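Residues or ranges marked as ATP binding site by Swiss-Prot: Gly43, Glu44, Asn45, Gly46, Ala47, Gly48, Lys49, Ser50. Here Swiss-Prot flags 11-251 as domain 'ABC transporter 1', drawing on sequence analysis. The domain 'ABC transporter 2' annotation in Swiss-Prot covers 263-507 and rests on sequence analysis.
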Amino acid sequence: MQRSDPPRPLLEMRGISKTFPAVRALAGVSLTVHPGEVHSLMGENGAGKSTLMKILSGAYQADPGGEILIDGRPISIDGPLAAREAGVAVIYQELCLAPNLSVAENIHVGRELRRGNGRRGTIDRAAMARGCQDVLERLGADFGPNTLVGTLSIAEQQLVEIARAVHTRARILVMDEPTTPLSSRETDNLFRLIRQLRAEGLAIIYISHRMAEIYELSDRVSVLRDGAYVGTLERDALSAERLVGMMVGRDISGFYKKAHAPYDPGNLLLSVRDIADGARVRGCSLDLHAGEVLGIAGLVGAGRTELARLIFGAEPRVRGEVTLAGKAFAAHSPREAIDAGLVYLTEDRKRQGLFLDMSVRENINISVCGRDARLGALDLARGAQRARDAIAALSIRVPHANVNVGALSGGNQQKVLLSRLLETKPRVLILDEPTRGVDIGAKSEIYRIINELARAGVGVIVISSELPEIIGVADRVLVMREGRIAGELGGRTDAPITQEAIIALATGSRTEASAAH
């Protein structure tokens, strides 16, 4: 029996290079994508993924020597309009929509329908609404074409972007980290839509750092590293170890490996009893032991972050008791908590954690600069050495300590923030979504740091929406639902820590009693 020939590629990018002043972002990268395929693109931050896609979208011009082919024909993409005419649409992490315009107006932007005399005619909003109604229905939208975009949720706005791509008859759809702002239910809906578009013959280039998404969606995965093409894996050949090794250029066996000794249940470090804020947290209790990594899981809105901020003292509590190292603890501010040895890494590093217009050195030292004061002046040399030591210890990729934090990748920003917290010598460290938006290499570094802290006797609480992460790093897992602790997995219970058990507790289909037996 003869095997059928594979379909002709819809997109071929051959030998694509891009040089910026003093930096070569891409070096002869090639990528082939077929119709009806979800082709994932992976690599660490700075690997060249975004640059390659910006060349495809017309935002950047490639260096001479490479070529782009669609349906086997070379084309020139010299700007976003040329990309759109070639059938390319890109949905970025930051959605490109006008919130004060309707859904129909956003879908038709740059292609407005007019009455009368060409471009001088008045915009025909009714015709635009009629023209995109069928696309919205086809994609399962539960809002109409005249809905104001600013009133929609992030997931619904993302659907508007997809509708715009479909309406322009895009054949190649690029999606850059599309699930970052979405809940698990919204993510499931997005995946359903992606499969629908794939079945209709679209070629989808999917960029993500999340392994579970890559496994679930991908037909093939291509990996970039340091601006160069490393290779492409078929779906059947995918494994976390192989992908990570391709991305970082070295073997990372046991990606989530617990490399610390079992904690001592008799060495209680933090005790929380019946803590509540009167709204999102409704009476939670937990224990954390020295050398333990405690995971907190739950759906978006379950109250995980609010619980962490209550313990830390960033929000007032209406009731409850907290004991730290055997002493009553009632921080009225984050400063008091830090001085007592309890620190919190926020889930929103850019708005609540980092000073983006300040240097790496300043960000690392800002929580402990009082130690360096001599006769009212800061010891800058001591602060500079502290920053250099932190950069080396956490493998922060930065040319020097005086570069602004805002110029760094997400993973390096996270490590700067983490290094600042570690300079306070904490006894308890609460990490809220510690690997959100960071690449695989940075994730492995953060997991290494968590293990080192646990080995040193620090109690670590990890809040994460990535279930493989929670399962991989935590000794025990508490699952929250609607502001309460719904159940405990692992530890002294008989309930194993599994994705199914976490989801069951988080959604209410499993009770605390059934989780423990």
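Every residue, even glycine, has its Cβ placed from backbone N, Cα and C.
Distribution of Swiss-Prot features across the structure.
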residue: Gly43; record: ATP binding site; CB count, 10 Å: 28
residue: Glu44; record: ATP binding site; CB count, 10 Å: 25
residue: Asn45; record: ATP binding site; CB count, 10 Å: 20
residue: Gly46; record: ATP binding site; CB count, 10 Å: 21
residue: Ala47; record: ATP binding site; CB count, 10 Å: 27
residue: Gly48; record: ATP binding site; CB count, 10 Å: 25
residue: Lys49; record: ATP binding site; CB count, 10 Å: 23
residue: Ser50; record: ATP binding site; CB count, 10 Å: 20
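Compute the center of the Cβ atoms of Gly43, Glu44, Asn45, Gly46, Ala47, Gly48, Lys49, Ser50, which mark the site for ATP; besides them, the chain residues with Cβ within 8 Å of that center are Thr51, Leu224, Asp439.
Regional average pLDDT for the domain 'ABC transporter 1' (11-251) in the model is 88. In the three-state DSSP scheme, Asn45 (ATP binding site) is classed as coil.
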